[in-house]
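A.B. asks: Questions regarding the structure given below will be posed in turn.
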Amino acid sequence: MAESTATTTAVPPPAEESWNADSEDVHQFYWTYTEEPHKSRRAAILKAHPEIASLNGYEPLTKWIVLGVVSLQFTCAYLLSQSSLLSWKFFLTAYFIGAFCNQNLFLAIHELSHNLGFKKTLYNRAYCLFANLPVGAPFAASFRPYHMEHHAYQGVDGMDTDLPTRAELILFDNVLGKAFFCTFQLLFYAFRPLVVRRLPFTLMHFWNIIVQFSFDYLVVRYVGWRALAYFFMSSFLAGSLHPTAGHFLSEHYNMTRTRLIASGPGKETPLETFSYYGPLNFFVYNAGYHIEHHDFPYVAWTRIGKVRELAPEFYDNIPDCKSWCGIIYQFITDSNVGMWCRVKRKQKHADIPTKSMHLHVS
């Protein structure tokens, strides 16, 4: 069960006006005063299906998959250590093998951040550092606290760093801008938190940096700089115009703008979390089951599909993403959707932590 401890202070709502359904300019975020939806959904689902609580827990298989993926990436890096970065062999391997592998590791770190790889928290933290190695840059230590806040404060402006900023909305409000965002999407997820909400530097960050840069040095020293370049290219492509990168958009972007307009202020709050049930889940620990994950964040990937099976009445009527490739294409080319298709919350009576949240799972 999650517990949080933090120093709090009341924070006023954002200065922006609430979204107006009658406004001629619909290119703005949808603001709502409602709480994030998954807490109440979880209570309702457990009331109807208490057996779902038994699905909570870690999955031992995860560590072996991570070991295999890390080994595969190191093998590819070694085999490409004498190849030109500009060769088709290098690029195609990075795109069709490396990007799938590193996206797998991104989502493995996501599972481990929820303590779903091992029974003990320390083992999950340590294995995050191992899974981080082929990514090239240290990110596992930073990901966890930001991601825990994303769950606890979904949609809260200034707290949920998954949300685009006003500057991003303005800069990427056309086809070229959205194409640029999708191409370099991983960089926005990496640097946006530094602008929106900086969290304290911890011992975990220190070890993440030491372990990662030591590994990078050893790779360059004994295998060659091209091997390290392969790791970085794999990570870049995984967060760029790649099929698995569609999950970044499918999770919380409401791609049917008319659904927002039809449920303006004073009406039903629009949907803000979506799932994808397609075959690419095979590569990413069923990360497409995103509504289910937010409803039950401590159910491991091998059992998350069971949530929907046990409580179909809570999921079958919610629109789902049919294609991760398709949603990237739609996001870029459709003038009716864009950075603004996100729900943001104004919590007038909520206390927001001024420091990092410390979440513990028992």
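Cβ from N, Cα, C; glycine included.
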A.B. asks: Any idea which of 1-20, 141-160, 301-320 is down as region 'Disordered' in Swiss-Prot?
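C.D. replies: That would be 1-20, per the region 'Disordered' entry in Swiss-Prot.
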A.B. asks: So which range, 110-114, 240-244, 250-254, 345-349, gets flagged motif 'Histidine box-1' in Swiss-Prot?
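C.D. replies: Based on what Swiss-Prot states, motif 'Histidine box-1' spans 110-114.
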